[in-house]
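Peer 1: The structure's right below; bear with me while I get my questions together.
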Amino acid sequence: MRVAVIVFPGSNADVDLFNAVEDVMGVPVDYVWHSDTDLSKYDAILLPGGFSYGDYLRCGAVARFSPVMEQVVKAADEGKLIMGICNGFQILTEVGLLPGALLRNRSLKFRCKLSELRVENNDTSFTRDFAAGEVIQIPIAHGEGNYYCDEETLAKLKANKQIVFRYHGENPNGSLEDIAGICNERGNVLGMMPHPERAVHSWMTSDDGRRMFTSILKTWREQNSVTTHA
């Protein structure tokens, strides 16, 4: 397995994401610049948090036109695993791989804290190592994480079990129905505002994010009939 971490001008969580893949998954991982146009050798593509292009216009609005995004869409259509975290989630909605939009936090303030999430769907490539209904702790760091969609889209998300994570307890940004992360209908594209890559070691206060990366690896191994030996 080989993983790509896309780097846009203004990305700032790319190193954290790269290190999480190396530390937890133990597979080859590369930084891929936003102007690159070939992702064919990668099995999973990760879009990190940050402030791509300074968040001008709105979060992700400029990054969605980066040359690499055409290849990200192609990879998603091919069934490869795509995960967007924070700004990466915003970019995935802007490019149309995920429905809805991320608005300014209801408080109009940047929120940076450890948040509790409830796992709504553990039957995905990204959450299979969690239990359904489990409450986990993952940090957030965003000013525009207020998820919104229209009623028809929300009904589809619920019917198709595309709501993967909800905030548990405090809703830090006013997100519709406490939504913290969603996937596409096919289940190979996930977007979430919290940062699992910042919760992969016990010294990080929480290591609950670790299981997202083990889930991705386990999914790829099963899809490619790869066996491991103790």
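Glycine is treated like the rest: Cβ placed from N, Cα and C.
Since the structure is predicted, the reported quantities are computational estimates derived from the model, not experimental observations.
According to Swiss-Prot, the domain 'Glutamine amidotransferase type-1' annotation covers 2-226. Marked as active site, nucleophile by Swiss-Prot on the basis of sequence analysis: C86. According to Swiss-Prot, the feature active site maps to H195, E197, an assignment based on sequence analysis.
Set these features in their place in the structure for me.
Peer 2: Note on C86 (active site, nucleophile): other Cβ atoms within 10 Å of its Cβ, all shown chains, come to 27.
A sphere of 10 angstroms centred on the C-beta of H195 (active site) encloses 22 other C-beta atoms.
Classification of E197 (active site) by DSSP places it within a helix. The local packing around E197 (active site), expressed as other Cβ atoms within 10 Å of its Cβ over all shown chains, amounts to 31.
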Peer 1: Could you please provide the mean pLDDT value for the domain 'Glutamine amidotransferase type-1' (2-226)?
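Peer 2: The predicted confidence over the domain 'Glutamine amidotransferase type-1' (2-226), as a mean pLDDT, is 97.
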Peer 1: If one measures from the C-alpha of E197 (active site) to the C-alpha of C86 (active site, nucleophile), what distance in angstrom results, rounded to a whole number?
Peer 2: 11
Peer 1: In whole Å, how far does the CA atom of C86 (active site, nucleophile) lie from that of H195 (active site)?
Peer 2: 7
